[in-house]
Amino acid sequence: MSLQSSGRQQREARGANARAEGQQQQQEEERREVTLFREYLRIRTVHPEPDYDSAIAFLERVAIDLDLPLKKYELEPSLIAVVITWEGSNPALRSVLLNSHTDVVPAFQEHWQYDPFEAVKDAEGNIYGRGAQDMKSVGIQYVEAIRRLRDEGKRFPRTLHLLFVPDEEVGGFRGMSLFVKSPEFKALNVGFVLDEGLANPTDAYTVFYGERSCWWVTVKCTGHPGHGSRFITNTAAEKLQKIINAFLGFREKEKARLDCSACMTLGDVTTVNLTMVHGGVQYNVVPAELAASFDIRVPPAVDLQAFEQQLESWCREAGDGVTYEFAQKGMDQSVTSTSESDPWWGAFSAVCRDMNLDVKTEIFPAATDSRYLREIGLPAIGFSPMNRTPILLHDHNEFVSEAVFLRGIDVYAGILPALASVPAVPAEQ
Ligand SMILES: CSCC[C@H](NC(C)=O)C(=O)O
Ligand SMILES: [Zn+2]
Ligand SMILES: [Zn+2]
């Protein structure tokens, strides 16, 4: 056996040390909010085989502890949405939905400093785990803010629903997408939604009021086949070359637009990435068909019809026998109002100002479950209260510090009363 310890041994040793320190600290002083969050992180709701049963059992205990009713809605066999409800004093008013997803993306253990499902807290108070940012922290912050408000004897006019959905990380097709279409969702009488956002490395908090449309498109190029030793004309490869040049040429222009503007963010430009190429038979056979797949994200301000015409013309210009097909084509471009005169945004932004939070509004660069909620006409804000934190969702060594996590509970304890006290909006009068 080598004298040098392996990566795994080092990780285990680090984990054991940090655990021992953490346990000691926990016995001495760890706050129950943090302990609950770390317990949730240890539940392996990780794709491709998320342990949703354990997450549901955990949430059932949370609801009992909060003394609030919990309902389960089966969306598909073994895919369950959980709703914990704190009824308002005027339940006829529309409710506020606090959404979080219970699933997390896979973690590659060998790249992590600690086991991604041990929820290790290091000496600096950083809590490591898959889901630490995306978005188990937010789920527990909602719970703990509500616990605090209830312990203080507060009650607000509007009902607060805590929703925990499965399968967001694989597109939400069997999760939120189904739930929003159900009569049970309608019965929740939702008026406004808080959902996930992103960390911000500066002092500011980022708040998302819309998302880019997600277009996944495969362009198929056909052409003359033949022997690999000859100059075959009109080949699939020549057409594919034109397609790739057109798509990636546009990508460069959009990148330059982003790079030369200090006030633009990723959500304001269109990104195009070549993510898959398909085709070919063997070295000496010129193939009759080749295809390229692109991940395209289009900001809400872009005219989608005009953009599709652009794709069409790139395909036409590449030659005959070039066609495209969508695997995903988001067409809804609804954004949530950030006008101060909007009752929901007005309440949200005013309370953020009162708490001295520096809020930056942006378009979310990727796709979240908020798109299903905006699609049915609901205002939804993406907000994960994590400032002074690097953006590590889906990355190795995802963490949030204990201090930022706890501060996020204070933030929700300020925001939730404001949202749950928004006076009846015109549609409710
Ligand atoms: C369109 S389904 C895929 C959803 C995924 N969401 C995130 C947050 O990574 C994405 O934007 O690729
Ligand atoms: Zn997420
Ligand atoms: Zn995610």
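Using N, Cα and C of the backbone, Cβ positions are placed for all residues, glycine too.
Within 10 Å of the C-beta of ASP103 (active site) there are 24 other C-beta atoms, taking all protein chains into account. According to DSSP, ASP103 (active site) sits in a coil region rather than a helix or strand. Per TrEMBL, the feature active site maps to ASP103.
The active site, proton acceptor feature in TrEMBL is assigned to GLU168. Non-local contacts of GLU168 (active site, proton acceptor) by the CB criterion (under 8 A, 6+ apart in sequence, same chain) comprise HIS101, ASP103, GLY175, MET176, THR368, ASP369.
As annotated by TrEMBL, Zn(2+) 1 binding site applies to HIS101, ASP134, GLU196.
Residues or ranges marked as Zn(2+) 2 binding site in TrEMBL: ASP134, GLU169, HIS394. In the three-state DSSP scheme, GLU169 (Zn(2+) 2 binding site) falls into the helix class. Long-range Cβ contacts of GLU169 (Zn(2+) 2 binding site) within its own chain (separation 6+, distance under 8 Å): HIS47, HIS101, ASP103, VAL104, VAL105.
The feature compositional bias 'Low complexity' is assigned by TrEMBL to 15-26.
What TrEMBL records for 1-31 is region 'Disordered'.
Residues ASP134, GLU169, taken from the binding-site residues ASP134, GLU169, GLU196, are distinguished by a CB atom under 6 angstroms from ligand 3.
Within the same chain, residues at least 6 positions away in sequence whose Cβ sits under 8 Å from that of HIS394 (Zn(2+) 2 binding site) are VAL105, ASP134. Among the recorded positions listed (ASP103, ASP134, HIS394), ASP134 have a CB atom closer than 6 Å to some atom of ligand 2, in sequence order. Minimal Cβ crowding within 10 Å, among the binding-site residues ASP134, GLU196, is found at GLU196. Around HIS101 (Zn(2+) 1 binding site), taking its Cβ as the centre, 27 other Cβ atoms fall within 10 Å, counting all chains.
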